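*Asks:* What follows is a single structure, and I will ask about it in a moment.
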Amino acid sequence: MKHNDWQQYVGLECYQPPASEALGSVVIAATARGIARLDFMDNDQVSQLSQRPSDLTRTCRTQLEEYFAGQRQQFDLPLDAAGTDFQHQVWQSLSRIPYGETRSYGELAEGLGRKGAQRAIGAANGRNPIAIIVPCHRVIGSDGSLTGYAGGIGRKQWLLAFEAQEVPLELQPG
């Protein structure tokens, strides 16, 4: 996303998770209706953004802090992601994948009554604008392989290991 594109949001805040060496920074963007984006950004890019924290981005940051401290497994935030009806259906199904578990694209397609639509599910998953909160990192290939992730496979691998409590203690927050 270009620097100027971030200016459209009423709230904008950068958060550096405890595992920022592995994840980078997290940029939270909100409209008046809800969280619209949560993206990963390399730490050196964050200084280019003019932050405008809002009540909603502060609440989101608090919930992210709880998540990284192992105190939160689900988020309770209003969301305002731009997307098609189909994308919203996929994103809602992602939100139902329990913490610490994964699903394949085929399982998501079956759950939506769209057996054989794995590619369409994958495309919608890849367009998820709200990482972590809408847990697209929990989707894997049918053979258990880590497949594409907009934030990068390394971040996906770290998040899955963190949720499975397999991250070495020195990398865990707290």
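Including glycine, each Cβ sits where the backbone N, Cα and C put it.
For reference, TrEMBL lists these features for the protein:
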type	residues	note
ACT_SITE	C136	active site, nucleophile
DOMAIN	23-80	domain 'Methylguanine DNA methyltransferase ribonuclease-like'
DOMAIN	85-164	domain 'Methylated-DNA-[protein]-cysteine S-methyltransferase DNA binding'
*Asks:* Do you know the mean pLDDT across the domain 'Methylated-DNA-[protein]-cysteine S-methyltransferase DNA binding' (85-164)?
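*Replies:* So the average pLDDT across the domain 'Methylated-DNA-[protein]-cysteine S-methyltransferase DNA binding' (85-164) works out to 93.
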*Asks:* Name, in the order they occur in the sequence, the residues of the same chain whose CB lies under 8 A from the CB of the residue listed as 'active site, nucleophile' and which sit 6 or more residues away.
*Replies:* W91, L94, N125, G126, N128, Y149, A150
